[in-house]
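Per TrEMBL, these features apply:
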DOMAIN    52-308  domain 'G-protein coupled receptors family 1 profile'
TRANSMEM  40-59  transmembrane segment
TRANSMEM  71-89  transmembrane segment
TRANSMEM  109-134  transmembrane segment
TRANSMEM  155-177  transmembrane segment
TRANSMEM  197-223  transmembrane segment
TRANSMEM  252-272  transmembrane segment
TRANSMEM  292-311  transmembrane segment
Amino acid sequence: MNVTLAVMETILLNETVVHSQFTNQSDDHTNMVSIICENYIGPTLCVFGIVGNILNLIILYKGALNDSPYLYLKALALTDMLALLLSFIHLTVSRKSNLYGWKFFDAYFFFPIVNSLTASSVWLTVGMSIDRLLYVKAPLWARAQFSLKKAKGRIILIFISTFLMTIPGFLCYSLVYTEGQHRINPTEFRSSTNYRIYDIACIVFFHVLPLVIFTLTNTYLICAVQRARVIRKEYDIRNNKEKEWQIDQRRFTITLISIVMMSIIAILPSTIGDFTRLLHISQSHYQTLRQISNILLLCNLSMNFILFCAFNKRFVRGMKSVFGGSYTKVKFSIRRTKSFGLSKTETNVF
């Protein structure tokens, strides 16, 4: 199966890559789409996403963003960065190599690990959505109950659960040596009825269920944000610490809404692709749909930095404090030096 940011075959090139090693059923149009996606668009998105997620981690850790909701964003940035890094290695090196080491990397490391990471990414977003829903419905209760320690526990539980769910991915492929080349072949388990049952269960757990949760929580959160804006205008609440906390929570809610919308856009085509594959559509059409869904999944892993900058002012303030701090100190020191009547040359050296 392919997964949605999530599981069982490989987020990138899922069966497209593996299939291309055993069959020649794709037509010229499909081959052209594959070449463009795998050689150009995919690696570019990976590089962009890796850099963006590294910036996310630096800002989230050094920008005084230590609340429990932002812990989810830290875990999400780390998970997405690792998935993109492995995907970049696959797209640029291992996919094109016939050496034993790289084929071993693809069969026993890239496919199962990336699926585990992308599954974690989906359910971290689900966890944020549910937590945010409770924050909005009962803010005072949630503020007291959702401690940093409990958030860490939920995140660890998500990582362990998704890894356990994706363990069968390590049993799907084996390496064979034919005609002087190492190749990846599906195992008997990969073709068995048990795997098909497992495949369908994963589609439900990693595609359908998150989509339902995202749709319900996002609809409620959007309505809640609109109500909060109306109430704020009606009562014209004066500035105080409680209001600042509420504003910060509202900004995080808006940030989460944008993340969830991006996830829905990425997951839906992949879900459609999985169901159409079960209906045995032509290999050419399936591969084209899969390539498009894979690019959307890569976009979902890569775009959080832009979403944070666009919708979360606290994140932007944290970014300015991290990357603008040294500039501010130098500027202040220059002004201070000038006030003591030092020369321009001395100021520049300082």
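Every residue, even glycine, has its Cβ placed from backbone N, Cα and C.
Unlike curated entries, TrEMBL annotations are predicted automatically.
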For the transmembrane segment (292-311), distant same-chain residues with Cβ under 8 A (at least six beyond the ends): 2, 4-5, 11-14, 16, 33, 37, 41-42, 45-46, 48-49, 52-53, 55-56, 59, 73, 76-77, 80, 83-84, 87, 118, 121, 251, 254-255, 257-259, 262-263, 265-267, 269-270, 272-273, 319
Among 71-89, 109-134, 155-177, 197-223, stretch most in contact with the transmembrane segment (40-59) (C-beta, under 8 angstroms): 71-89
